[in-house]
Amino acid sequence: MTTPVLVAENLTKRFSGLVAVDGVDLRVGRGEILALIGPNGAGKTTLFNLLAGRLRPTTGRIVLEGRDVTPLSLRERVRAGVVATFQIPRQFAEVTVEEIVGLAVHYGGGDRDVDGLCAEFGLAPQSQVGSLDLHALKMLEMCRAVAVAPSVLLLDEVASGLDHHERGSITERIRELAAAGTAIVVVEHSVDFIRSLCTRAMVLSFGTVLSEGSVADVFSDKVVADAYLGRRSS
Amino acid sequence: MSGAPVGRFHSVRGLAVGCALLVVVTVVLALGDDSYGITFWRTILMTVTLAVTWNLIGGLAGQHSFAHPIMFGVGAYVGTAVLGAAPAMPLWIVVILGALAATAVSVLLTPAFRARGPYFAILTIAASEGLRVAGNAFFPGGSAGQYVPITASPSDSGLLVYAIVITLVAIVLHHVVDESPIGSGLRMLAIDESAAAAVGVPTTRLKVTAFVLGAPCVGAFGVVYMAGATFVDPNTVFNLNYAVLAVLTTLLGGVGLLWGAVFGAVVWQLVTKQLSDSIQNPGIATMVNGAALLVVILVLPGGIVGTALATLPARWRDRFPVPRPRWTRKAGARGEAVPAT
């Protein structure tokens, strides 16, 4: 792995008596695509939200390019360079595509041309968000995230609900972003999508790291298979 | 053009036409000798100002503020105090001082934005009512009020000039905000605040901006009201009805739409007057008015202007192409630098 861009150290998140994420360490380097996988309830979404700044960790810290960003708010973290997409894109029905992308550029600290960004993601700038189909909504999520020129891009089930062709176009865009040096963390359920896209995988189970390594190694790990089938590893 | 926004972005030409109409009515009335008509038009302009400034925070930002009576009353009472100290003070200076005082008070109220949704609304109601009660107890004259010691009382026509200027300032201000990234950011946070923050929108800063920007116009109108009535009392100038009026008229015209707020304010006052003229019993007139408003809100949830724009046939829509927001063309150039790590 290249020099890590984002480092999470001993991240723990407790909700009352429930420990959703328990002492997780995570590193992702420039140009790397890391998959966060695990069965339902493994803590993927909580870890994702901790990295994005939507949740504050109970203990542990998150370091972005040497800077401790743990105390930063969601917006401050966006401006620092950590941007996350939503699993279910928000339906800003009456807002236009160019407004959302423009806002991301204006307030996020980017310097990209709005029309150029929209064209890059196959979006018509003047379309109302309410008129977009799921694929276009996912592209808009990616587009507004990329608009702030992030160092780290967090993608939450970006391919879910899309057909094979649409997944292909998303995969292509993610690869291009990684090739340009963006560190990418993907939460995804589709094994095929992960195999075709990610360079490394981290498997969570009951809030802890069950396995970590190359995608091929992780999916050939018997402990991982057991976790996915619902059996507790011994 | 499919999926284009309807009634969202108002062209400068539309702004000019709308403002010109208001100015023409004002000039015609000011040059005539219909004292009642002038006073009634001033009330309409006051309602327009209340509705347009409320639309900034309540319509665009989705923050249901009931703080208008505070700004209005502060304007009226500061104006009274200034004239008490200097009765010959030119009214335009008093209006500016009232506007500044209302703005200062609105800044003091901004911690209320720590609360969200109904809690924010309740906080602003509590602040309005608290100030009214405090005024009854501690302001000069108490609940009985006081006469305004104004020596050079302006004519009805003179007050109308102040009213139209303040109204035009409120309308232009709304237009400018609506056409800027602030307007788009406000619309976005009104729908989903955390999603707006995820895009980088400074949600609290924008809410405070929308709230504070409307305050000077409301405060200035408090001064105009004071100069016209030459009498102020807390139960009148801090009356929660100013907030309710702003909300109702905006709902009637179309929440989030500048010309919806303007249209709703004008229609509301005209209908209310017509009903009070036709129905002798004021209680029944109010009930009919309320019932009519209820029907409009239920049948036309987007308000009269909002619903009319949404149902406009495509061929009509194509005749009036909607201009794109210009700020997105230069968003990158105006982007703020990321602070050094």
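Placed from the backbone N, Cα and C atoms, the Cβ positions cover glycine too.
Just so it is clear, the model here is predicted, and its values are computed rather than measured.
The transmembrane segment annotation in TrEMBL covers B:12-32 (among others).
Sequence-remote contacts of a segment are chain residues at least 6 beyond its ends whose Cβ falls under 8 Å from one of its Cβ atoms, and for the transmembrane segment (B:38-57) they are 22, 25-26, 29-30, 32, 63, 65, 68, 72, 156-157, 159-160, 163-164, 166-167, 170-171, 173-174, 177, 186, 207, 210-211, 213-215, 217-218, 221, 224-225, 228, 242-243, 245-247, 249-250, 253, 255-258, 260-262, 264-266, 268-270, 273. For B:38-57 (among others), the entry in TrEMBL reads transmembrane segment.
Same-chain residues lying 6 or more positions outside the transmembrane segment (B:69-86) and placing a CB less than 8 Å from one of its CB atoms are 50, 93-95, 97-99, 101-102, 105-106, 109, 124, 127-128, 131-132, 135, 139-140, 146, 148-150, 214-215, 218-223, 225-227, 232, 234, 237-243. Residues or ranges marked as transmembrane segment in TrEMBL: B:69-86 (among others).
Sequence annotations record features per position, and here TrEMBL assigns transmembrane segment to B:92-113 (among others).
Annotation comment: TrEMBL describes B:159-177 (among others) as transmembrane segment.
Counting residues 6+ beyond its ends, the transmembrane segment (B:210-232) has Cβ neighbours under 8 Å at 39, 42, 46, 49-50, 52-54, 56-57, 60-61, 63, 65, 67-68, 71-80, 91, 94-103, 105-107, 109-110, 113, 145-148, 150, 153-154, 156, 159, 162-163, 166-167, 169-170, 173, 177, 182, 186, 242 in the same chain. The transmembrane segment annotation in TrEMBL covers B:210-232 (among others).
Positions annotated as transmembrane segment by TrEMBL: B:244-271 (among others).
What TrEMBL lists as transmembrane segment is B:291-312 (among others).
Remote same-chain partners of the transmembrane segment (B:159-177), defined as residues 6 or more beyond its termini with a Cβ less than 8 Å from a stretch Cβ, comprise 10, 15, 18-19, 22-23, 26, 29-30, 38, 41-42, 45-46, 48-49, 52-53, 55-56, 60, 91-92, 95, 183, 186, 210, 213-214, 217, 220-221, 224, 227-228, 258, 261-262.
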